[in-house]
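Asks: So TrEMBL lists these for the protein:
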type	residues	note
TRANSMEM	7-30	transmembrane segment
TRANSMEM	50-69	transmembrane segment
TRANSMEM	81-102	transmembrane segment
DISULFID	C143-C174	disulfide bond
TRANSMEM	207-232	transmembrane segment
Amino acid sequence: RSLARILLRLLGFIFWGTAAVLACGGVFVIVMHRSYRHLFQESFLPLPGWLAIAAALILLPTGILAISISMKNSRYQQGALMYFLLILLCLEMSSVVLVRFYSIRMASELESTMGHLVYHYNGTLSQAPGSRAVDVIQRKLQCCGVQSYMDWLNATAASWRLLDEKAQVPESCCKEKYSHCKGDLGHREQLYQEGCLKKLEDRLHFVMFFVLWCCAVLSVLELLAGVSNGILMRHQPFHNLRIL
């Protein structure tokens, strides 16, 4: 019993710390969806993020209950802790399943969506949402094209008509230190040459797997808390509160 009390108290403090980490992971997912919403056609992508934030909020009272139970036995608190742990386990497992599902699905959709936006690009000064999204992505990620800057040669020939008919890329492909850069392929040292697709996939996978591992580790900690609480409950059995 003493070991169970010590472990439960320690887990209570750990729950507070991991709540902040899990909330950050959920916020990362939501912010990423809003930053690149033109690339993600699936409107339910932020759902794993919201589930992670909900789990983080529930972790706060769960930690308080775990610490309180470790100091003083309470039938009501022990039963409530078991309910909280069950809810948290359901939320985190749902987040893990959704993260895994979207990671596989988004990897295939990103290339086609990004290729479509590049192909229908209408110029740096265009007010079209898709064209502006391409410029924002290329500046933010410091990249050019889908696979590489060479993708703009096909896009130029098909849809992006330049007045001077010179081989160019958008000015958003220019490195920041070259203020006079106009996207001329004759000066490739002034351009970002790496494609945006790989950087987007790396960022997506990092955020998704961050949430996945947070949920997986927390699930193990919650199982330990449930076992510790169960040990304490055995020594103080329920009588009129058997439903708990």
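Note: Cβ is positioned from N, Cα and C throughout, glycine not excepted.
TrEMBL does not curate its annotations; it predicts them automatically.
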Asks: Six or more residues out from either end of the transmembrane segment (7-30), which same-chain residues have a Cβ under 8 Å from its Cβ atoms?
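Replies: Sequence-remote neighbours of the transmembrane segment (7-30) are 45-46, 48-53, 55-57, 59-60, 62-67, 69-71, 207-208, 210-211, 214-215, 217-218, 221, 224-225, 228-229, 232.
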Asks: Can you name the residues of this chain that are 6 or more positions from C143 (disulfide bond) yet have a C-beta less than 8 Å from its C-beta?
Replies: I137, C173, Y192, E194, G195, C196, K199
Asks: For C174 (disulfide bond), just count the other CB atoms lying within 10 A of its CB, please.
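Replies: Step by step: centre on the Cβ of C174 (disulfide bond), count other Cβ atoms within 10 Å, giving 22.
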